[in-house]
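Quick notes on the structure that follows.
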Amino acid sequence: MSSLYSPPTTTTTISGATELSHHHVYPKTSQLSISRSLGRRPSPKISCKVAKNDDQNPKTTHNEGKANMFDRRNMLIGIGGLYGAATTLGGAPSTLAAPVQTPNPNACGPADLPSNAQGLNCCPPRTTSIVDFVLPTPPSTLRVRQPAHLVDDEFKEKFTRAMSLMKALPSTDPRSFSQQANVHCAYCNGGYSQVGFPNMDLQVHNSWLFYPFHRWYLYFYERILGNLIDDPTFAIPFWNWDTQAGMTMPTMYTDPNSPLYDPIRDRGHQPPKVLDLNYDGIDSNDLPDQSMIANNLTVMYRQMVNNSRTARLFLGAPYRAGSFPNPGGGSVENIPHGTVHVWTGDRNRQNFENMGNFYSAARDPLFYAHHANMDRMWSVWKTLGGNRRDYTDSDWLNASFIFYDENAQAIRVRVRDCVDTTKLGYNYQDVDLPWINAQPTASSTSRVRSVTSSTPQTAHAMESTSKSNKVVNFPKPLNKSLRTNVTRPKKSRSKRDKDRDEEVLVIEVDVKKHDEYVKFDVYINDEDVVPSKKMQVKAEYAGSFVNVPHRHTHGNNKGNHDLETTFRVGLTQLIEQLGADDDEGVTVNLVLRAGSKGNVVIKSMKIEIA
Ligand code: C2O
């Protein structure tokens, strides 16, 4: 198997920069075949020099005193060695799956950008050496990430100093703030092709790569900041938007004189404006603050408790080498992740800059606080029990990315090394989870139904006739709302059955223009065709699909640039809460809350037992 890896063609010192060769980046199809074995740890098979006394590399020799995580036994991998191993599309990728490969920073190309951002170069500086990440043993000093609204003045001083230093670095330095922001643009707007699949964009959203990619991204961002102020315990704060006191923009970020400030945000959403986790792109539906807070907690409950009972529901769908991007994002990635992006960005700008569009989102320092809370949700999720466990699929564990570290060294990281934050040397301050019991109360209609009917079956039959529900033929555009009956593969499931297998509503979605904010809400067994939002989140509310505006060609060989994805909603507990366990089917109601007419097509809808 080692023959799959061509020996490095370039020795790997910085001084060898001019020797960098590119001819291995996209090997010819005839020269390589894809093999399942690529899913295993490739690095030990790459013959390369051990960077012991790496005095040829001035950027890494001064590390020793700085609690550097990358011990000197790390291998430096030549570009030829790493990318010579590229797989290529020789057969059906679905049968010969392999992890998504490390993108080559030297092969980064123009991103797909909105017209007002043409010419922006999102690519990182070129590199001649890439170090393979190795977890430190024992783990380094623990960095503890705190809620942004609770930090003390000493922390604020440190953080603002670190950010000023980062912003002062020359823009050619991969550690500079502008380069850090561009990382997001390159990985999310088609800067990279999938290695071995030149016609396929690499995309880190809407799949199981979402959480690990962003975890690594913040990991290096945090280490760079800590390094700039010489503090190995420095930890970035998190925007604790899932608790009442955290439901405004953290004030530390809203002082116009602070390096944490970004003028390109929604001016109407400055503190004390309460954040709307279920944001539709307009403020006219806003509820009084206390109701908004209660609704936010209910949204969190839906997403973290009901809608995240499996890895696929929470982390997102599998995305392997050569497969189309966007197989489906996890529940929390849709909402509130997407809604918080768009709520923070300026809706009066063409593309909701900065936070409301992927190419510009990471230019706002709040991005990293938002994502720290997303990252925290991943840690919290694993403590909630049941089947909430990470994927064990090797194509997930071995998927890899490249980032520059605090020494401006390119590091290749794999998903497997980031699943435990304490091994990475950080964790989150323990705070309350006020949403954990915030179950929405049943709406009046479902209460009436269960009180007046003798059996749930009768109720369903009655409802069906009175509402003349029908089964819709797909595909069908979602212009305002869409209501259909969906048959369940199995009714009256036992508790054991329900604990083991999740009942999932699977909706195939085609978004024509994905540079538009799109959001639709899903309701189960709701009496209303368009449920009002001028009230508490209802028991019938099941979740939301969100598209944060962005552009990239989706690597679709059909030459079609739609965002085609699959949206999943967990139904087991919801159906139980609605008293519909014994029904043959459910009525599904999709309501378009943001997005233009004709932009969203529902391709299919079904219920699966997963
Ligand atoms: Cu990479 Cu919040 O998105």
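Cβ coordinates come from backbone N, Cα and C, glycine included.
Taken straight from TrEMBL:
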- HIS184, HIS205, HIS214: Cu cation A binding site (BINDING)
- 444-455: compositional bias 'Low complexity' (COMPBIAS)
- CYS108-CYS123: disulfide bond (DISULFID)
- CYS122-CYS185: disulfide bond (DISULFID)
- 25-66: region 'Disordered' (REGION)
- 444-501: region 'Disordered' (REGION)
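Structure coloured by features recorded in TrEMBL.
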| residue | record | DSSP (3 states) |
| --- | --- | --- |
| CYS108 | disulfide bond | coil |
| CYS122 | disulfide bond | coil |
| HIS184 | Cu cation A binding site | helix |
| HIS205 | Cu cation A binding site | coil |
| HIS214 | Cu cation A binding site | helix |
For this session: Consider the recorded positions CYS108, CYS123, HIS205, HIS214 and say which one has the Cα lying nearest the Cα of CYS185 (disulfide bond).
Result: CYS123
For this session: Please tell me which one of the binding-site residues listed here (HIS184, HIS205, HIS214) sits closest to CYS122 (disulfide bond), measuring Cα to Cα?
Result: HIS184
Seminar exercise, completed: The rounded CA-CA distance in Å from HIS205 (Cu cation A binding site) to CYS108 (disulfide bond) is 18
For this session: Determine, to the nearest whole angstrom, how far the Cα atom of CYS123 (disulfide bond) is from the Cα atom of HIS184 (Cu cation A binding site).
Result: 10
Exercise. Highest CB neighbour count within 10 A among the disulfide-bonded residues CYS123, CYS185?
Worked result: CYS185
Exercise. Taking the center of the Cβ atoms of HIS184, HIS205, HIS214 at the recorded Cu cation A site, which other residues in this chain have a Cβ no more than 8 Å from that point?
Worked result: TYR187, CYS188, VAL204, PHE210, PHE213, TYR217, PHE358, ALA361, ALA362, HIS371
Seminar exercise, completed: CYS122 (disulfide bond), Cβ-centred 10 Å count of other Cβ atoms over all protein chains shown, is 24
Exercise. How big is the gap, in Å, between the Cα of HIS184 (Cu cation A binding site) and that of CYS108 (disulfide bond), rounded to a whole number?
Worked result: 13
For this session: Would you kindly give the Cα-Cα distance separating HIS214 (Cu cation A binding site) and CYS108 (disulfide bond), rounded to the nearest Å?
Result: 19
